[in-house]
């Protein structure tokens, strides 16, 4: 296809796109007016009175960013439909989050996820984890804004800097005005826009390629439907094991213990609503995943004889989807704008959730520690001010990303590299009662070092095509890599640095847990009477359900079956958890 055939953005496209920002801002204004007389607790956690429906949509929209909308179809286009196996990882992640992490956080009555680390370990561990979270989230959020804006700009001519600054300004505006409720309801609206945008592409793309049967046949002939590859080699980029196992650790690290997720779960009015929000969110994740995979298959069928990647009509994989959209929708004013709105809905929801979460952890973990006697009014103004600060920081990071060149790819990996050690740190506290503060701190340091060693090494020494295995494109396809012409590389580069990027979190998690347990035993494990039972989750019950003796042994004497009596004197005050002293003793 010739580039001259591609359409460009017209006025109706800009109108449709602008509607996304207008509605999002309007939601923020609505909640600013509606909640203006409520206490500051309404701002950060929605008064803990949210219901499961909007929270589920919000969770889905936040974690399906524009990187997913643009990146997943191009991944399917180049590597095949095995991307659908992420549905297995999503399922495990949601179950683990709902049954393991959320009950502990919800019952603890915390606002910041990292507050748990101080209660369970010490203040130093909490501060270190909070700082890591703030840095990684600002960096990641900046890239989430810049990367899709650049891809859309280079293909559609959509203004790069206008979209970046509009995203930052609008997100900061409705986060600052409406707080968590505005974020949740805006995310729900943006989730609907994402689905509508995808469906437009799916319907028109299927029509242009001759129907669903034709798409399926072409994808099958091009090996795009060879989904189940059970090769256990950890160096392979995408196999059943790397996606289902490695993907579970990757997503659990950036989902199960992420402030953005947990903050919305604890904003629900009951623990049941929090769990239902996660399970309904799973349905949303699977819907977006299926839409993205089928978009990639349709795009492959459309370009089966004229691949724009091989022809260098696009210069980056993320440009494939916008290029395809402009080709099939360019003759319909407004529809390209709808797809761009779909992509930026993912961006807006991710950025807004990040700004709100960053403001929350900063207020709870730093401001409240220094200023203990703040009034509700002062707390509200400080929270709003923090939203503005982090909105500016994320937008500035997006501008900085434009000068980072190849470092953008490394920045996107940081979320995964930090997620594994964070998952390991919280697991040390929730699953292993004997872990002490020194074990937690030491484990976090070792985990961060190991995951960054693997991730940064992989950026410097990228894996060869013999491991990533891109499938052939166009009629001629790509020539296979001749083993005799492989460049000379060290054994470390060909093995450790060449492992699938999905195992970075697993490496960080394993290193954190292993080092944390060893250090805890060497320095003296935590005594059972020093561990609050509601800070733990009796996972070992699954394996020792037949014996009270072994349960007691696994939990180091902590009575994990204590009944918790929760009293909420005020709906806007953190819940107080009382445990009967008589039940605390072990018989």
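Cβ coordinates come from backbone N, Cα and C, glycine included.
Annotation source TrEMBL lists transmembrane segment at 54-72 (among others). With a cut-off of 8 Å between Cβ atoms, the residues of this chain six or more beyond the transmembrane segment (54-72) that come close are 83, 144, 147-148, 151, 183-185, 187-188, 190-192, 194, 197-198, 254-255, 260-261, 264-265, 267-268, 273-274, 276-281, 283-285, 288-289, 292-293, 295-296, 317-318, 321-322, 342-347, 349-350, 352-353, 412.
Beyond the ends of the transmembrane segment (84-106), by six or more residues, the same chain brings 113, 116, 227-228, 238, 240, 243-244, 247-248, 250-252, 255-257, 261-262, 265-266, 271, 274-275, 278-279, 281-282, 285-286, 289-290, 293, 426, 430-431, 534-537, 539 to within a C-beta distance below 8 angstroms of the stretch. TrEMBL lists 84-106 (among others) with the feature transmembrane segment.
Here TrEMBL flags 127-152 (among others) as transmembrane segment. Counting same-chain residues at least six beyond the ends of the transmembrane segment (127-152), those with a Cβ under 8 angstroms from any Cβ of the stretch are 65-67, 69-70, 112, 114, 117, 158, 160, 163-164, 167-168, 259, 316, 318-319, 321-322, 340, 343-344, 346-347, 350-351, 354-355, 357-358, 361-362, 365-366, 390, 393-402, 408, 411-412, 414-415, 418, 422, 425, 441, 444, 448.
Per TrEMBL, the feature transmembrane segment maps to 158-177 (among others). Here the transmembrane segment (158-177) has long-range neighbours at 9, 21, 24-25, 27-29, 31-32, 145-146, 149-150, 152, 183, 186, 340, 344, 347-348, 351-352, 355-356, 359, 384, 387-388, 391-392, 394-395, 398-399, meaning same-chain residues at least 6 beyond its ends whose C-beta is under 8 angstroms from one of its own.
Residues or ranges marked as transmembrane segment by TrEMBL: 184-203 (among others). Listed as Cβ neighbours of the transmembrane segment (184-203) (distance under 8 Å, sequence separation of 6 or more from its ends, same chain) are residues 20, 23-24, 27-28, 31, 46, 50, 53-55, 57-62, 64, 69, 174, 178, 264, 267, 284, 287-288, 291-292, 294-295, 298, 324-325, 328-329, 335, 338-339, 341-343, 345-346, 348-349, 352-353.
Here the transmembrane segment (238-257) has Cβ contacts under 8 Å with residues 63, 79-80, 82-83, 85-86, 88-90, 92-93, 96-97, 100-101, 113, 228-232, 415-416, 418-423, 426, 500, 502-506, 508-509 of the same chain, all six or more residues outside its ends. Per TrEMBL, the feature transmembrane segment maps to 238-257 (among others).
Annotated transmembrane segment per TrEMBL: 278-303 (among others), in sequence order.
Annotation source TrEMBL lists transmembrane segment at 338-361 (among others).
What TrEMBL lists as transmembrane segment is 381-404 (among others).
Under the heading transmembrane segment, TrEMBL lists 410-432 (among others).
Sequence annotations record features per position, and here TrEMBL assigns transmembrane segment to 444-464 (among others).
Residues or ranges marked as transmembrane segment in TrEMBL: 501-522 (among others).
Taking residue pairs at least 6 apart in sequence, the transmembrane segment (338-361) and the transmembrane segment (410-432) share fewer than three C-beta contacts under 8 angstroms. A Cβ distance under 8 Å defines the sequence-distant neighbours of the transmembrane segment (444-464), meaning residues of its chain 6+ beyond its ends; these are 125, 128-129, 132, 235, 237, 406, 409-410, 413-414, 416-418, 420-421, 424-425, 481, 486-487, 489, 492-494, 496-499, 501, 503-505, 507-509, 511-516.
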